[in-house]
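Visitor: I'd like to ask you about the structure that follows.
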Amino acid sequence: MGLFTVVFTAIAALSAVDAAELLRSPNSKDIVPNSYLVVMKDSVSSADLDSHVSWVTDLHSESITKPGVKNLDGFKHSYKINGWHAYSGSFDSETLASILDNDQVDFVEHDRYVYIDGLVTQKDAPSWGLGRVSHRMNGTRDYVYDETAGSGITFYGVDTGIDIRHPDFGGRAVWGTNVVSGTGDNDRHGHGTHTAATATGTKYGLAKKANVVAVKALNDHGAGLWSNIMKALEWCVDDARKKNALGKAVLNLSISGGKVVAANQAITNAANAGIFVSVAAGNDNQDATNKSPASAENVCCAAASTIRDEKASISNYGSVVKLYAPGQGITSATPNNSTGVMTGTSMAAPHVGGVGATLMASKHIAPSAVCAELIKMATGAVRNPGANTTNKLLYNGSGQ
């Protein structure tokens, strides 16, 4: 009897050790109750994921007869990004426990809210970012750039949508997809149009000949869920593959939230598929190490600089920041044939994305090598960049 007890205890302990971990968030205010991101182990195939999802769906069907469970949706969406597999859903505690015990699951994380990183300040003010990134020395508004101007590069603006009819896009913008239920295929906020035009606009942008694809993943108030951002990333990779644009694509994420490992992995795998990913450092005036997407691997994270080549007061900083780029008082296009001025690392990121697109077009550099090349080209100009942070300011290599 004693031997049986010892063996049974050992098996139970082994099961507990093998169970997947539910990653805890240091900040609970942005967590979506009962909603989870489930990341599968590397050995899990696409077919394995489909079978696993069927199993989870059956579990949920059994659970919805229990009190308090009927309002949970169960499985929502599966993610297949460059060989990386995950899914999202809302589950009761018993179903979650079964998922954690499944040997195909790597870890589980709460779905969380994420927000834009731009602040509207005023309308119709002159811009300065274009001139700054095309000159080593400060003080000029002339924008000097390679004539290829991002030609042949596809820019994915994952944001609040894009006003694709705005004249600043010159007919180069198309609607891609909308993953936010209950919203229209438009940009009622303005943030998405502003960031896309900063990167690609004919007047306000850097890569003036790039193709533009609108991907709506944030609602009309500038907020969203990481589960939807991941869905948008999956769509972008699939769309780029269909268009033979992998290796010739840029994706911008001007958003920020608490660190979410599942989201970081999705972003990294999108980058690894052959897309240059520019991201915002965040607007909390703190170290961006614990922020997503800033902390994701293989992305080019931008902090915001001022017209005086100083760190913008709200900009995050830290070792994950690869470059500073103009981010304070940036004029760009906004919906309904308008313009506006916004401030934040949301504006810095598309500067990096736009220069990255021009570099890919003119020098035929692979997306995976773009950020390192931008760092190599950059000007050491930013004063008081923050602790453990580069002082490198984005430069497009114009020779000026």
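We count from 1, first residue shown onward.
A Cβ is built for glycine as well, from the same backbone N, Cα and C atoms used for every other residue.
For 1-19, the entry in Swiss-Prot reads signal peptide, with the evidence type sequence analysis. As annotated by Swiss-Prot, domain 'Inhibitor I9' applies to 35-116. If you look up Swiss-Prot, you'll see 127-400 marked as domain 'Peptidase S8'. Taken from Swiss-Prot, the feature N-linked glycosylation site covers Asn138, Asn252, Asn336, Asn337, Asn388, Asn396, and the record attributes it to sequence analysis. As annotated by Swiss-Prot, active site, charge relay system applies to Asp159, His191, Ser346.
Help me picture where these features are in the structure shown.
Guide: Residues belonging to the domain 'Peptidase S8' (127-400) score a mean pLDDT of 94 in the model.
DSSP assigns Asn138 (N-linked glycosylation site) to coil in the three-state reduction, outside any helix or strand. Here the Cβ of Asn138 (N-linked glycosylation site) has 14 other Cβ atoms within 10 Å, regardless of which shown protein chain they belong to.
Cβ-based neighbour count (10 Å, all protein chains) for Asp159 (active site, charge relay system) stands at 31.
Neighbours of His191 (active site, charge relay system), defined as other CB atoms within 10 A of its CB across all chains, total 29.
Classification of Asn252 (N-linked glycosylation site) by DSSP places it within a strand. Spatially close to Asn252 (N-linked glycosylation site) yet at least six residues away along the chain are Phe155, Tyr156, Gly157, Val158, Asp159, Thr195, Ala196, Ala199, Val277, Ser278, Val279, Ala349, Pro350, Gly353, judged by Cβ distances under 8 angstroms.
The 10 Å shell around the Cβ of Asn336 (N-linked glycosylation site) contains 11 further Cβ atoms across the protein chains shown.
Reduced to three states, the DSSP call for Asn337 (N-linked glycosylation site) is coil. A simple way to gauge crowding: the CB of Asn337 (N-linked glycosylation site) has 11 other CB atoms within 10 angstroms, across all the protein chains here.
Classification of Ser346 (active site, charge relay system) by DSSP places it within a helix.
DSSP classifies Asn388 (N-linked glycosylation site) as coil under the three-state reduction.
In the three-state DSSP reading, Asn396 (N-linked glycosylation site) counts as coil.
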Visitor: Including all protein chains displayed, how many Cβ atoms other than that of Asn396 (N-linked glycosylation site) lie within 10 Å of its Cβ?
Guide: 26
Visitor: Say you check the Cα of Asn138 (N-linked glycosylation site) against those of the recorded positions His191, Asn336, Asn337, Ser346, Asn388; which is nearest?
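Guide: Checked the recorded positions His191, Asn336, Asn337, Ser346, Asn388; minimum Cα distance to Asn138 (N-linked glycosylation site) goes to Ser346.
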Visitor: Cα distance, His191 (active site, charge relay system) to Asn337 (N-linked glycosylation site), nearest Å?
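Guide: Roughly 14 Å, rounded to the nearest whole number.
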Visitor: Which one is closest to Asn336 (N-linked glycosylation site) in space, judged by CA to CA distance, out of the recorded positions His191, Asn388, Asn396?
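Guide: Closest by Cα: His191.
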